[in-house]
Amino acid sequence: MKSKFTTAVVTAIALAGPAMADLVVPNLSYRTGAYAANGIPYADGFNDYFTLLNERDGGIGGEIVQVPECETAYNTEKGVECYESTKGMGALAYNPLSTGITYQLIPKVTADGITLYTPGYGRTSAANGSVFEWVFNYPANYWDGASVAIKYLLDENGGDLAGKKVTLLYHNSAYGKEPIRTLQALSEKHGFELQAVPVDHPGQEQKSQWLQIRRDKPDYVLMWGWGVMNQVAIQEAVNIRYPMDHFIGIWWSGSENDVKPAGDGANGYKALTMHGTGMDYPIYADIQKYVVDAGKAAGAGDMVGTVLYSRGMYAAMVIAEAIRKGQEIHGTSAVNAAQVRDGFENLEITEERMAELGLPQFGPPFAASCTDHGGPGAAMIQQWDAAAGTWNSITGFIAPDDAVLDPLVAEDSAAFAAENNITPRCQ
Amino acid sequence: MPDQLVYAMEVTLNGLMAGVMYSLVALGFVLIFKASGIFNYAQGVLALFAALTLVGLQQGQVPFAHLINAVFGTDLHHFGWHLPAVVAIALTAGVMVLMAIAVEKLVLKHLVNQAPIILFMATIGLAYFLEGFGDVMWGADIKKLDVGLPQGISETIESVTADWFGYGFFIDNLDIVATVVAVALVTALTVFSQYSKQGRALRAVADDHQAALSVGISLRFIWVLVWSIAGFVALVAGIMWGTKSGVQFSLSLIALKALPVLMLGGFTSIPGAIVGGLIIGVGEKLFEFSIGPMIGGATENWFAYMLALLFLVFRPQGLFGERIIERV
Amino acid sequence: MLYREAGDFKTTYREDNQTFPIRFDRIAYYTTVAAAFAVVPFFINDYWANAVFVPFLIYAIAALGLNILTGYAGQVSLGTGGFMAVGAYACYKLMTAFPEMSMVLNVLLAGLVTAGVGVLFGLPSLRIKGFYLAVATLAAQFFLVWLFNKVPWFYNNSASGQITAPERTFLGQFVTGAQTSASAKYLFCLAFVFVLALVARNLTRGTTGRKWMAIRDMDIAAEIIGVNPLTTKLSAFAVSSFYIGVAGALFFSVYLGAAEVGESFGIQKSFLILFMVIIGGLGSIFGSFAGAAFLVLLPVLLKNVLVGTLGWPTDLAAHIELMIVGALIIIFLIVEPHGLAQLWRLTKEKLRLWPFPH
């Protein structure tokens, strides 16, 4: 019985083998399952950027980039399957858009020597490059996000949050729990009162949580949500008439998907973001010309310019720049995974470079180093304008409070190093 | 009045409302189980499918657009019309009837007289199939469902309770609508099953398949009928939940909220589904309100099951279930 | 031609009672085992181990466990995911608390802990039956997941609540952690599967198994003929949970390497394993393997065919894949309601008579 299956599978996989050439950047995406609505635009943006490079510039440094897509459905087991099936193609970097899959891949990529790039998600302490050699999470991570949100609130309140009540509404999973420790440290420092309210997956029923918020009347609500939890939370906030401009989501709770179902009520809702959004960037003219009009757009092609599309494009841009840097350092266009890692580690994204790429002031400028895999951690606040249907940035990039974050990162990465017998590098 | 008591009253009221929403899903399970002894795992996916179809029809989406585009390289998206809600609901109900016929013809007909676990399994296959089918047909992105139901805090209740207790209660208008709809639905179902010819036939089948067959009731017709009704109930549940959270895959997971309701109320009782829903709704909300903060919150999921378990230990057939008589 | 009893004489009761009475079956079985132990490890690579063999073997253990409870003892359980989580977290606590302890011991002890928890949640089965019993086990499912998510002691206070398996060796080879070779992973799991399947087979055809089946077929009648429902039901829960706990421990430590309780051991896992058992065949050891193979391999196969060979967009392929799996389940049930195991039995019957069916 088993052998019959085996032969069948062997045939299928033998047929599926890709050509071993080009630069391979697999896209572990999810266009199905409970988080599909979030996964689709991200994957589209990621693919479209590489399509643009291939069509317009003939790839990176003359090498065509292949982006084999593999469906994970936000499921860790499928994530492992996808990783194993694509790594043999000569994959240069992974970007799985799932904190769960990231945790699983960290030991694997470290053993296999492939870069894992997790902008704005994944394991926060991977910002410490001396422990996590193969993992990069610049420009910002969850703890940066928590700190930026609090810093923004400090600015709003003339630098004093003492006695204020802040509620954190979080997805009851590894992802949602990430900011709690940071927020606790910040609440001690600034004297605000923190209350953490969990919402279980998938988060369709949040009546209890919002009744509690209505009773407690916190001054601010922060949200770490994903998927349907975002939509329901925003809808419930509208229902209890919570002032929307006091409701701030992390960057994963701030896309069009999340606010549109609540209609006009969502007007004024704020969210963090680590990159610009909207169509006001010169790159979109090229994307329209080389990708959309040429009929090569990923997916249905209707996501261009949305928040998550921009984020997927941003991730692709950083990976492409890292590959370019790797080519530059090693003087070869056909870089391998180790050379691309060097590119990631020496990557410097400047304002001028972003302008050249057609993305002026799209993200924060940063420079990575052997120890610093986390970037500056700066993020903007954007606000939803329901009438116009657009997100508007209302601040510039706000830097996080590194005095609070650095010890936390050091502590967590030291624990990981001890557990896994890693001797810190770069010293 | 002390604050905590007022809050508890508010939580109880909201629990009742949430319970009604659970009951709406549970009703579909009960109907099918009663008439055919099938534990229909696909009920949640049915609700998702109904809601997807409703939105798709309303907004004039081209079904299977993605598949057609992928195969023929075309660029189809919308027909360009926008149907009124009532028309779209009627059409969707029609689609659900067609689906009931298809389910009977393609699946159930071939599985007559099989053990319950086999039929349960078949509905699992159906759930998988419909999940993929719905997505291929209408796409997996999130959709806004708007059939004109009111949503948001009920001002009247807030101001009245503010006068009485000094604290305005929060009741969602959508929940009030859901309650009205649920009452109407249960009344209609009761009237239908008590007084119409088909309804009586349905009850006869529920009592005893063999005896019903022998007096000339067509089992296959009854199955189509009951799956159509369950499809309609799924549509109602899909509208209510979809209005709340948008239509997307997670909608199919509402079935999980209905299971403890079923266990508690009994698989075979329509009033059981309603009362069970209310008990679960109030129980889990009150527990989360009173004990939740002490033990870290997010207790609702397991507490609903624990509550059902507690009831079952004393009444193994559920509150309103048929008495289990065992003979050797 | 293939299944011939002619000439296969039995001269002792022992021989008459063997698991594979037909010589052809015996040879096939020994060949499969020999190939699995001696041939596959030399050819296996990371992809085959991580995407196909290791999950298949681990799910086979879990399916065996659930089959003992549901298939042999007739108690429907939807708590498998929760019990796997108990195994995984017990294994994690043991691994981190006693770094020197052998990995085999860790896994077995994790199984024992799960057996204890299983008995606890099995108690209501004495009063509640059928689909209603599913509620008791669902309560276990949701409560356990919540518990492991909420109490920081279980995940050693890590910031996010993820648990990560430290590196451990067995006989000088890494069996957990990133440095584990594909064949070590595979062999480690295979050894557990081999022993546990052998134990399961012999338990189910001995006194214990007969008692379980008596309870399954009619518990009141069984009680009258002297089968104690308390010990029988609870022993089924204990043995079943032991298997599931072992599966959970291997799933976390060898296969995934890192896990998050709600995601890896959620309600979907419970359903998946129940599907395996039903599709494979209730009350059949072979069925547990067939069901696990069907639900692990089919999606991988379909995905490779649809995306790799036909070059369809991944989302479309994933949806079509769901439709095909669903349709196949229904078709299988219509053709043969008692699962793949029964289909296999019928095929064997036909083969025995072939080519002269009369």
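Counting starts with 1 at the first residue shown.
Placement of Cβ uses the backbone N, Cα and C atoms for every residue, glycine included.
Curation plays no part in TrEMBL annotations; they are all automatic predictions.
Below 8 angstroms of C-beta separation, residues 39-40, 43-44, 46-47, 169-172, 175-176, 178-179, 181-182, 185-186, 189, 226-227, 229-230, 233-234, 236-237, 240-241, 254-255, 257-258, 261-262, 265, 267-270, 272-274, 276-286 of the same chain, each at least six residues beyond the ends of the transmembrane segment (B:12-33), sit close to that stretch. Taken from TrEMBL, the feature transmembrane segment covers B:12-33 (among others).
According to TrEMBL, the feature transmembrane segment maps to B:40-59 (among others).
What TrEMBL records for B:79-103 (among others) is transmembrane segment.
Summarising the annotation, TrEMBL assigns transmembrane segment to B:110-130 (among others). Counting residues 6+ beyond its ends, the transmembrane segment (B:110-130) has Cβ neighbours under 8 Å at 36-42, 44-46, 48-49, 103, 219, 252 in the same chain.
The transmembrane segment feature in TrEMBL is assigned to B:176-196 (among others).
Marked as transmembrane segment by TrEMBL: B:217-241 (among others). Beyond its flanks by at least six residues, the transmembrane segment (B:217-241) meets 21, 24-25, 27-28, 31-32, 35-36, 40, 43, 46-51, 54, 89, 92-93, 96-97, 99-101, 103-104, 108-109, 112, 145, 147, 149, 174, 177-178, 181, 185, 189, 198, 201-202, 204-205, 209, 247, 251, 254 of its own chain at Cβ-Cβ distances under 8 Å.
The transmembrane segment annotation in TrEMBL covers B:261-282 (among others).
Annotation source TrEMBL lists transmembrane segment at B:294-314 (among others). Outside the transmembrane segment (B:294-314), and at least 6 residues removed from its termini, the chain residues within Cβ reach (under 8 Å) are 256-257, 259-261, 263-264, 276, 279-280, 283-285, 287-288.
Only residues 6 or more beyond the boundaries of the transmembrane segment (B:79-103), in the same chain, are considered here, and those with a CB under 8 A from a CB of the stretch are 46, 49-50, 53-54, 57-62, 126, 146-148, 224-225, 227-228, 230-232, 234-235, 239. Long-range contacts of the transmembrane segment (B:176-196) within its own chain (CB-CB distance under 8 A, at least 6 residues past either end) are made by residues 17, 20-21, 23-24, 27, 31, 149-150, 154, 202-203, 229, 233, 236, 240, 270-271, 274. Within its own chain, the transmembrane segment (B:261-282) is flanked in space by residues 12, 15-27, 29-31, 33-34, 39, 182, 186, 189-190, 206, 304-305, 307-309, 311-312, 317-322, which lie at least six positions past its ends and keep a Cβ under 8 Å from the stretch.
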